[in-house]
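Undergrad: Would you mind keeping the following structure in view while I ask a few things?
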Amino acid sequence: MAGSQLKNLKAALKARGLTGQTNVKSKNKKNSKRQAKEYDREEKKKAIAEIREEFNPFEIKAARNKRRDGLPSKTADRIAVGKPGISKQIGEEQRKRAFEARKMMKNKRGGVIDKRFGERDKLLTEEEKMLERFTRERQSQSKRNANLFNLEDDEDDGDMFGDGLTHLGQSLSLEDELANDEEDFLASKRFNEDDAELQQPQRKKTKAEVMKEVIAKSKFYKQERQKAQGIMEDQIDNLDDNFEDVMSELMMTQPKKNPMEPKTDLDKEYDIKVKELQLDKRAAPSDRTKTEEEKNAEAEEKKRELEQQRLDRMNGMIELEEGEERGVEDLDDGFWENEEDYEDDNDGIADSDDDIKFEDQGRDEGFSQILKKKNISISCPRTHDALLDQVKKLDLDDHPKIVKNIIKAYQPKLAEGNKEKLGKFTAVLLRHIIFLSNQNYLKNVQSFKRTQNALISILKSLSEKYNRELSEECRDYINEMQARYKKNHFDALSNGDLVFFSIIGILFSTSDQYHLVITPALILMSQFLEQIKFNSLKRIAFGAVLVRIVSQYQRISKRYIPEVVYFFQKILLTFIVEKENQEKPLDFENIRLDSYELGLPLDVDFTKKRSTIIPLHTLSTMDTEAHPVDQCVSVLLNVMESLDATISTVWKSLPAFNEIILPIQQLLSAYTSKYSDFEKPRNILNKVEKLTKFTEHIPLALQNHKPVSIPTHAPKYEENFNPDKKSYDPDRTRSEINKMKAQLKKERKFTMKEIRKDAKFEARQRIEEKNKESSDYHAKMAHIVNTINTEEGAEKNKYERERKLRGGKK
């Protein structure tokens, strides 16, 4: 077992002859001459260094010997590759020398430093750079001592640059004159003696001399400006003194006015023509005549664009100008922005596209005579009562004629403000159509039909130009209808409400996912179908008309309305159940019927031809007739036709068609079993069976993914393996790039390491300098305090001695 470190150190020193007995005398006196030392001084230092390295293994960086020869041993496995301690010390010394050199050269290096603002900034223009430089120069000047070179204060001039300067930079003192004379004499003498030196360049002026010249010139120019200003002020004062005299002379002589010559008629006509030409609309260049193929292509493109816009509205997505899409919730925001821009463009245009044109543009002389005979004046009514005052003396067939005359008389091109008047009149015309629908017209049904169709046609033409006013009026009417229904329920509804729902389906797009008029109307109709108690034939007929209108709304968009399905189930069940205690068909126990008195008897003859159309004027008389069975059958047939149309146009394309039609299919089967001669439900069932065959209904299931195989990592063998080759990339260019990247990474890592070492060293040096300055300061202060204390103590002792002496004398 090895001994301690101390014993090993003594043994190593003794083995190298550095310790032990060195003055042993030789027994042979013959050879007693002084021998040379076994180790000289250099060898001794080398031996000590080897011993130090041997006993301090941490001072040497060792690495594994990859190419060792001979027997394995503890020391042969590792070889010395460096001395980190010495390397660190050398690095510290180099950094210290560099730091001292930078410290010595600080603020002593010459050269021109470009400190101008924004010189290398490419984003700034030349004007911005000059403005910012001027601003910074002003700020730097304001920060300096304001009185350093103050031109107004002459007292500071002598403090810094000698005696004060006066006019033209010359001093008035006698000493300056003597000094100047002496200098002139010396200068003339020097000029005669040293003529050759005049050819050499003059010496550079000092800063003090330059500033003296600048201040002298500034004061001289300032004095000249003051003189010029004084002269100008004197001239102004003289002019002010003579101003009143000059103006009084000018007022005495008034110029003669030339009398106005009257214009001739020819000149007046010329001026009028010029005014008319200025006010006339400029002629626009006409487009070239297009061929029939081009016209058809433009028409097809326009139709395709409109259809795409309709599909986008139906899907609830509208694209903005910036490219982003907005959904249903954003449609109400800025709905009329484009129309307002369109109105602003067309204001003041005499012949604009807002003019309403009819097929019969000619003047009806016969109707004009009727108006004159009955003393009816044409005016554009702003309310429905005003329109009723105009048409109360006319027949029902003359209502469209007077409406057309009003529109012709108030075309937008005729006068300013007619456009707003026709917008109001469009809303009034809608109210008038609803008003006529609520009247009793059993005696003149055909006349009412012609008048109603003509007024609706006119309203459709007006809606294309005044859509905003009409939409606002429709929304107001929907709110009124809802308020009436909330207060009086079904009794508040009328035939005019059904006509209103039909008209807006013609005027507006019903396929939009959200519309300012159609969507509230559809919600209100669904509320009626859900909440109305269908306990009378009139109410059922009213609901049948509503269902027909709703189905007409959804013929394009094909959206599922649950209230329609509920209405069909409830009405079909109402007509088949006669008594309250009668057993209902399966799956309809949860439907509560409003009446059990409308059930059809078993002996109803369905082979008899009956009308399936429900005229609106017959709704009021349905419950008053004595034999309502035929009317019940007519209403049932109307409901069956509505069901057939809804299945064909709306439901068949829905993915849940089987689930929607299943309860209705059971009711139709009950009708076929109870009434064998009833062909309509049997035909509907056959259609449903055919549609069910073509309807592919796939139930929901999880997505079936392909199973992922477990990755196998087989070892890769290189046939031509070379341990010296680090990369097996066949692409030589890529291999060189990777090699360069690795080298850059290594250099970057080494550079960052050196930068961190330099930063840490500089931080340590700055801390040492601060500590040294602090210690010097404290030592200096301590020395001063000790000196003061010593002087105070000496003075105190002196005072005590004097006091004692004075006390002894007493």
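Yeah, the Cβs are placed from backbone N, Cα and C, and that goes for glycine too.
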Undergrad: Which stretch does Swiss-Prot mark as region 'Disordered', out of 254-274, 338-358, 359-379, 758-778?
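TA: Residues 338-358 are the ones Swiss-Prot records as region 'Disordered'.
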Undergrad: State the residue range annotated as region 'Disordered' by Swiss-Prot; the candidates are 190-212, 788-810.
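TA: Swiss-Prot lists region 'Disordered' for residues 788-810.
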Undergrad: If you look at how Swiss-Prot annotates this chain, which of 63-95, 96-128 comes out as region 'Disordered'?
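TA: When 63-95, 96-128 are checked in Swiss-Prot, region 'Disordered' belongs to 63-95.
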Undergrad: List the helix, strand and coil residue totals of the compositional bias 'Basic and acidic residues' (793-810) as derived from DSSP.
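TA: So the compositional bias 'Basic and acidic residues' (793-810) is made up of 17 helix, 0 strand, 1 coil.
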Undergrad: For the region 'Disordered' (276-308), DSSP counts of helix, strand and coil?
TA: 21 helix, 0 strand, 12 coil
